[in-house]
Amino acid sequence: MEFLLLGSVALYFLSALGALCFGRRAPGGWIVPVSTVLSSAMVALPLISVLLRGTIVDIQVPWAIPVGSFHLRMDGLSGWFVLILSLISPAVAFYGRGYLRDRGETSGGSWMGFCLQILSGGIFMVLISYDGILFLLSWEIMSMAAFFLVMFDHHKEGSRRAGWVYLIATHLGTAFLFFMFFLLGGKTGSYDFSSFGGLAGVADLVFALAVIGFGAKAGFFGLHLWLPEAHPAAPSHGSAMMSGVMVKTGIYGVVRIMTMAEVWPQWWGWTLLILGVISGIGGVIHSVVQKDLKRLLAFCTVENIGIVLIGLGIGALGAGYDRSIGIIAVCGALLHCLNHSIFKAGLFMAAGSVIKATGTGDMNLLGGLYRTMPKSGLAFLPLCLSVCGLPPFNGFVGEFLIYKASYWTVVPQELSSVGLRIGGFVAISSLALIGGLAAMAFLKAYGTVFSGQPRSDLGYTEDPGPFMTLPMLSLAAFCLALGLCGSLSILLAGAVASSIHPIGLHQSSLMSVIRISKVYMNVAVLSIGLLAVVFGLYSLRARLQKGRSVSYGPVWGCGYSCPSPRMQYTGSSFSQPVLVAFSSFLRSHIGGSWPEGYFPGPSSFWTESTGVFQRYLYDPMFGTVMKVVQEIKKLHSGGTHLYVFYVFVALVAVLTWSLLW
């Protein structure tokens, strides 16, 4: 097991070097996809042993660094997230080969393959590192690889700006993680995770630092500033890897820190629940009003991270009152991490196909693409249904468990408290609002992109090659398969949730997991029956129409003699009610010239939303920083005597500090 785990990790980094050295040659383009598949195959056996049998793969290798240790460990929690990486990375690798080939990339292809494999290897190391120093080193490798992915089109001003925004955000979060690990290391005298049991008497401070540090990577609302900037700038398969897998390392980090505590205080649960509600609702509201397809998907990531946090919050609250509630809620959060990774990676791939074919991601300019891009449209539809949490697709499974756990907190029980019931009511209400707005956002996305008529001259469009379409279709099919086989995934995630929850796996919680898996099995059977009915009706319709001529006529145009595509709803007009309703929260600016009179002239309409956090927190903060930087620049006068004086002042300050301390 140890050899397979080490080999799987090493293969990512070795293939990165291979892609950099040989990626420009024709056979070298296969290095990344083939090595990624081999890495996923190698780790399959350790994953089966860890997730099904509950074993732990532990590796300790000597290293020359005076602090920390090279300690790798894969248990149930890390194995669950390694499973996510192993499922998504092969699809991303094959899609990337087609994406770069269709773009005509030559020199950039090898660099892209290098960054992608370093990112995957860095994520892998983050998930299995069991030492604070090694974890931070792996975290930095992962973060910098993602930075270079965002900066891939560095000749564009938008990509450069997005890259620097991401770099600042990720290192602000990393600063909190440095403080957290050095605090724990100073308290315990070791950076090994095994020595952090009980969090050295500073559990509350460590949890707060973890929420901020890991939350910046996961995209908690308020710390999400980099997501809507980085995802539109990065290549689509890079966005798929970052949103599908990398942001989950933030969730992993928070849960890993929680597992080190002996108990989960109630305020931890309330903190996660409130953050989840804010992230879920704030993310989906911003998602609805976006005009750019990839920005919509970026804010959707914030929304789904909020759903995961709601599950973790209910799980932490339930830990003090009812074993079943805690296990089921955490199980739902873990399942939603897995399911979100699958459908979000597929959605970014489909968005990349649209952008490659049309040259734009502006939904106000798109339309009618299903006629010319049926494979992309066929993949995009089930992925949209999945992200909306509709059965029988996989997005429903995790949300179903979180709903169920929240419902159990509300109904009268002997162990329930008023606070727990309030938390459950807040969770149910928030999930309902999030689900409705998510359906609106993706009805808008699919309708404006693939239905209707083109809203601008898109030129010739067609589906991309098989390297891009097959990963999309595979992930879409996987969403349906996981939705229909949700009972099995519930049992698997339930075992992982039991291993990390402080109450452990008791008889009552085990029976609750089994019982809810049986309930979901009934949902799956009904879904299969519904699909059979739909397929039967479609077959009957095709049979009845066989041999008959189909006549086409003009669509009713509301009395207009010359209807045009401009009369269709655009993405902005579709979301205009939400924009107006939440204008204070979105900090919306609406303008244009409105039609007047019986024979109105030309009119226009435009909207701009900055968001409350950006308007009142980040813009003033970074504005102040820029003013300070401009003042500091005045010191760079170029005079040698001034530079000598600066050195003298610095030397005096260092000597004074050393004498006093």
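Note: Cβ is positioned from N, Cα and C throughout, glycine not excepted.
Curation plays no part in TrEMBL annotations; they are all automatic predictions.
These numbers come from a predicted model, not from an experiment.
Features of the protein shown, as given by TrEMBL:
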DOMAIN    130-406  domain 'NADH:quinone oxidoreductase/Mrp antiporter transmembrane'
TRANSMEM  28-48  transmembrane segment
TRANSMEM  78-96  transmembrane segment
TRANSMEM  133-152  transmembrane segment
TRANSMEM  164-185  transmembrane segment
TRANSMEM  205-227  transmembrane segment
TRANSMEM  267-289  transmembrane segment
TRANSMEM  296-319  transmembrane segment
TRANSMEM  378-402  transmembrane segment
TRANSMEM  422-443  transmembrane segment
TRANSMEM  475-500  transmembrane segment
TRANSMEM  520-540  transmembrane segment
TRANSMEM  642-660  transmembrane segment
Contact between the transmembrane segment (78-96) and the transmembrane segment (133-152) (3 or more Cβ pairs under 8 Å, separation 6+): no
Result, the transmembrane segment (378-402) in contact with the transmembrane segment (520-540) (3+ CB pairs under 8 Å): yes
Remote residues contacting the transmembrane segment (164-185) - C-beta distance under 8 A, at least 6 residues beyond either end: 132-133, 135-136, 139-140, 143, 146-147, 150, 191, 196, 199-200, 202, 205-206, 209-210, 212-217, 223, 225-226, 229-230, 253, 257
Among the ranges 267-289, 475-500, 642-660, the one whose Cβ pairs under 8 Å to the transmembrane segment (205-227) are most numerous: 267-289
